[in-house]
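Undergrad: In case it's useful when we look at the structure, here is the feature table from TrEMBL:
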type	residues	note
BINDING	18-25, 86-90, 140-143	GTP binding site
DOMAIN	9-277	domain 'Tr-type G'
Amino acid sequence: MATLTDEINRRRTFAIISHPDAGKTTLTEKLLLFGGAIHVAGAVKSNKIKKTATSDWMEIEKQRGISVATSVMGFNYGDYKINILDTPGHQDFAEDTYRTLTAVDSVIIVVDVAKGVEQQTRKLMEVCRMRNTPVIIFVNKLDREGRDPFEILDELEAELKISVRPLSWPINIGAKFKGVYNIYEHSLDLFTPSKTQVTERVEIDSVDDPRIDEAVGEKDAAKLREDLELIEGVYPPLDVDRYLEGKVAPVFFGSALNTFGVKELLDCFVKIAPSPRPVTAEERSVSPDENTFSGFVFKIHANMDPNHRSCIAFVKVCSGKFERNANYKHMRSGKMMRFAAPTAFMAQKKSIVDEAYPGDIVGIPDTGNFKIGDTLTEGENLHYKGLPSFSPEMFKYIENTDPMKAKQLEKGIQQLMDEGVAQLFTNQFNGRKIIGTVGQLQFEVIQYRLLHEYGATVRWEPISLYKACWIESDDQAALEAFKKRKHQFMATDREGRDVFLADSNYVLQMAQADFPKIRFHFTSEF
Ligand code: G4P
């Protein structure tokens, strides 16, 4: 019988991240195909999975065709149990993606060979760096015209601030793309553009093997040898420990749409990517192989059924074995809870699960008990650290337009904030509520959900703000003096912490210069 350690060692829990359109959905689908989790190409793309399993959860997605949801796709590949945590592609929901990154053990970054590193990728990489998350990079769309691969490698290093090491290498790109040389395993895969998904593998002994010349022609073979020599000269061999520390990223080249280079990526991924690692709680570091269960909520998915105000709390199992109907302590409330219908996510299907292991994600039906970041344990006092909130990019006053529905509105706002949809600040001067978001779309989602789930109607009123900064000082008198001077611009966040609302970069800089005893923070944890 498999032991807890066996179960942990075979798990790979990760997320695929990219700038929209680089090919995340296509790559996800191809990985699911390899895992037998889906059987038709296009199942994800044609939105069968996206729209039924995940996107139906919120009607707004149907209207907008944007995947607001973050869902989980589990499947077996060989001896491995793989959990892919999907992230919303739209950048207005970036905060959702940041939180999902707290629940993964590694990530695969998809980059478009023509576009290189784009803005969203840069931001997501920053979050990975904060946690030293190991990353593998897949350079996609080699079947299209794009940039020189060496140039891409330089850009990856410069823009993502991580060392890279190519493990496969393309032979030409675009119309002349002939295939990929697998540096990791010394084999050559030939690309046949007309026959998608069919690749011919040429087994070779080394780069000097004449079979390469036969397969791609002398000229391209010579260029390949030249490139590989340069690679070996410039990039040290992959040091897996440095990859696991998040210091170096292996790079693969391919075409997700043509299933080219994807299997190589997956095979290498399962070999080197980490199984669940120890997780840091405020009290101590918790190892996955500890006997007692613990986990945390990283995502709350609302409104599975619009008729009931039900949610699913996504719990990442961090240690021990999770069991259905066992008694677990909800740390924030101190209450013991039992879960009769926890669900697992295998091959696109959601089904009741009796047990789950570290690395797995369990969905727990909920009616408002959970908040993002909540910890569950068998009884020990542990608090897992979530990701801090970042200072929002956009701010609006939220105003009630139906006085009869004040209570519903209050409840709705609290619940949406618990889910982490946006951040709420209350102005200390006039008591008005300010919602801070990453993008415009979130305001629309909030308005829509308040109406459809809580029957509350709201109006947004503009407020011109540049940043919200959490402030603190060792000098209480200095803090009070600052708050007094800036009283119109002081707010409190939901935890009651002082937040300074700066209406311009200039004002912020002046405040920093005038009040040297005050520390200004742009994330909520310091
Ligand atoms: P995303 O989730 O990162 O946003 O990207 P997605 O997979 O949806 O891919 C974005 C577009 O890029 C899609 O085209 C997809 O077919 C295309 N694509 C993905 N991988 C490759 C590749 O290897 N080569 C080429 N040439 N194209 C690729 P679309 O026209 O936006 O969508 P669709 O109408 O084809 O579904």
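For all residues, glycine too, the Cβ spot is worked out from N, Cα and C.
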Undergrad: For a quick check of packing: other C-beta atoms within 10 Å of the C-beta of T87 (GTP binding site), how many?
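TA: A count of 27.
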Undergrad: Using a Cβ-Cβ cut-off under 8 angstroms and a sequence gap of six or more, which residues of the chain neighbour D21 (GTP binding site)?
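TA: Those within reach of D21 (GTP binding site), by Cβ under 8 Å and sequence separation of 6 or more, are D112.
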Undergrad: Can you list which of the binding-site residues S18, D21, K24, T87, L142 have their Cβ under 6 Å from some atom of ligand 1?
TA: S18, D21, K24
Undergrad: Which whole number is the mean pLDDT over the domain 'Tr-type G' (9-277)?
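TA: Here the predicted model's pLDDT, averaged over the domain 'Tr-type G' (9-277), is 84.
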Undergrad: Given a separation of at least six residues and a C-beta threshold under 8 Å, show me what packs close to L142 (GTP binding site) in the same chain.
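TA: When sequence neighbours closer than 6 are ignored, L142 (GTP binding site) has V113, P170, I173, G174, F177, V180, F253, G254, S255, F260, G261 within Cβ distance under 8 Å.
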Undergrad: Looking only at Cβ atoms, how many others are within 10 Å of the one on S18 (GTP binding site)?
TA: 23
